Amino acid sequence: MTANRPALPTRDKAVSDLSATEASDEHAALSQEIASHDARYYQEDAPVISDADYDRLRRRYEDIEARFPALKNDDSLSRKVGAAPSAKFAKVVHQVPMLSLQNAFSDEEVEEFVARVRRFLNLAESAELAFTAEPKIDGLSCSLRYEGGVLVRAATRGDGTQGEDVTANVRTIAEIPHRLTGAGVPDIIDIRGEVYMGKADFLALNARQEEAGKPVFANPRNAAAGSLRQLDPEITRSRPLRFFAYAWGQAEPGPPGASQHEVVDAFRRFGLPTNPLTIRVTDAAGLLAHYRKIGAERASLGYDIDGVVYKVDSLALQERLGFVSRSPRWAIAHKFAAEQATTVIEAIEIQVGRTGALTPVAKLTPVTVGGVVVSNATLHNEDYIRAIGGNGEEIREGIDIRVGDTVVVQRAGDVIPQVVSVVLDKRPAGATAYQFPHHCPVCNSQAVREVDPKTGKQDAVRRCTGGLICPAQAVERLRHFVSRNAFDIEGLGEKQAHAFYEWKLIAEPADIFRLQARNEQSLSKLENREGWGRTSAQNLFAAIEARRTIALDRFIFALGIRHVGETNAKRLARHYGSVEALRDAAIGAEMPTEMEEASEETPPTRRRKPQGNEVWQEMTDIDGIGAVVAEAVVEFFREPHNRQVVEELLKEVTPQPLEAVASTSPVSGKTVVFTGSLERMTRDEAKAMAERLGAKVAGSVSGKTDLLVAGPGAGSKLEKARSLGVKTITEDEWFDLVG
């Protein structure tokens, strides 16, 4: 694992028990960890967590967003897929995005999926609703583009929008036809499927690798991904890769069938390999029966699978159901359970994250869990070590965790595997209780557990009070500042930022733009350091100079304000127009939580409004910027050191205001309310359609409402809209408007 990653101190707490602050902290930490794992999985083909671990990590993230909707925005990972394509390959834009699937881990979740589909479509229980069920292959997603029946391009999924061009490599896979055969082949079709490696072929490949003194692969998925993403197609040709087709993207003039199973049958007729274990069923019981059947056969299959995928069979119903965030409403992946293993804790180390959180990590005797070698496990926080849960309750039957203990490790949703129990009868005689440090192991500042003034409850995590004088926190801020979506200075990535900090060349963002001047005055020139030369140093200085002018939204994003991702940075940039205006608004804002501070003796002129002052209301009224984001912005600029960092940076950099964005649909950017009985679509379908067109759907009418779509039986909302002068149209007029 990467050192100094943010902790997840509340992981042992149910999401329903998290406070808003705890949820915000964990959401931010999860966002960083998931993005890191996406890069390892999709770009490096070297995941450090199992699929079950990753899936449950995603589930935790999405559950937090479901309970705290203000945390969800356009930058949320729940709206994203995969990771950006590698720079090693040419990029290919997917005409139809390659999305991922929502996951289910229990029978109840599958039954709820079926019920949810019925509710969305307003189908009676007696109405037939067919599904397909197929094994979920553990490989690398790939899109094959055929034009006139001829394979013209192949691409990985990448970030779902664009992937890597692997055409030359895919042409070496024997199972993938260069030309489709048979009747009914569409003029253009993007075949979606999975490139994988069979178990026997994987073992044989690893034997050859070991014999040749080359690194072996951890599992068949890594072997398949690494083999497909080779720069030399001849290496790919030498690897026994295979392929299953199961979906499609663009299809002109249309897909070769009216249902999922008809289209997949057509794939088989065209000469594409399809999975023989795919079936069609008509209820949840049929789905679960097939899941158990495949689970029983899993060990005997010649390839790895990690679950079963269920899809609504009718393409017409799929179209009605549409998509939500990063996945379709009409499909779900029913995943197999995670695995456990027993090992020994050799040491407990403390890592310090960007927010100062001290995270205990168990260093383990390496053990294989779920096909991945595990040597680290999270211990969450000091209470978890002491067998105390998030609400003060006893966990693990009151057995604490000590160095030397034999423990059961599980890969089931944590950032790194977690210790779930201690084998007490194997505890060494000399093992002593672990003493959690009260000082930061990096900067030696005091580490404290804060107390919530409202609840009086002590925070689960102990934090370093050193702030930016703590190298661990300062380095993380610098690494974020130079990241791809921030200043993105060529030649100055996260690794170089860390090194420059260690060499005392930079301590805060503004120092980057003073680097050349300092280098000229220094006796120890950058070009003389290991890994650098005169040309590379000059190229870096030129790249830094080119970033002295930067878009305002990138500048705001680079500051690393909690909850302010790329999209929220754009929203703030468009609204305020300058860093100074944003800073002044943050300083002048009076938050609702501060209203309680005024006593009866407080002069009326100084008392604050219960809903916050006008500056606060203006910020929270920005489309997409709620109270959680606004509070983070206010707290950032109220911290004197942060203001100083920004002021110094503004001496070196000139942020440029954003240009206005043109609307792309008649309702783009407008607030729409639906009321009454809709006859041509369900309420969920109406909301999904409006959001796809760029509108914001509200549940009530207010002065901010731009349009009310009223069906038969519209009542109080229609009356209020008329009183406010809100434009009102019928359902038919809505379809005329949006086409």
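Glycine is treated like the rest: Cβ placed from N, Cα and C.
Cross-referencing 1-29, 146-174, 697-725 with Swiss-Prot places the feature region 'Disordered' at 1-29. Non-local neighbourhood of Cys440 (Zn(2+) binding site): Val352, Gly356, Leu358, Gln446, Ala447, Cys464, Thr465, Gly466, Cys470, Ala472, each in the same chain, at least six residues away, with C-beta under 8 Å from its C-beta. Cβ atoms within 8 Å of the centroid of the Cβ atoms of Cys440, Cys443, Cys464, Cys470 (the Zn(2+) site) belong to the same-chain residues Val352, Gly356, Pro441, Val442, Asn444, Ser445, Ala447, Thr465, Gly466, Ile469, Pro471, Ala472, Gln473, site residues excluded.
The predicted model assigns the domain 'BRCT' (662-739) a mean pLDDT of 83. Counting residue by residue with DSSP, the domain 'BRCT' (662-739) contains 27 helix, 14 strand, 37 coil. The highest number of surrounding Cβ atoms within 10 Å, among the binding-site residues Leu101, Cys443, Cys464, is found at Cys464. The Cβ of Cys470 (Zn(2+) binding site) has 20 neighbouring Cβ atoms from other residues within 10 Å, across all protein chains displayed. If you measure from the Cα atom of Lys311 (NAD(+) binding site) to that of Lys136 (active site, N6-AMP-lysine intermediate), you get 12 Å. Recorded residues Cys443 (Zn(2+) binding site) and Leu101 (NAD(+) binding site) have their alpha carbons 43 Å apart, per Cα-Cα distance.
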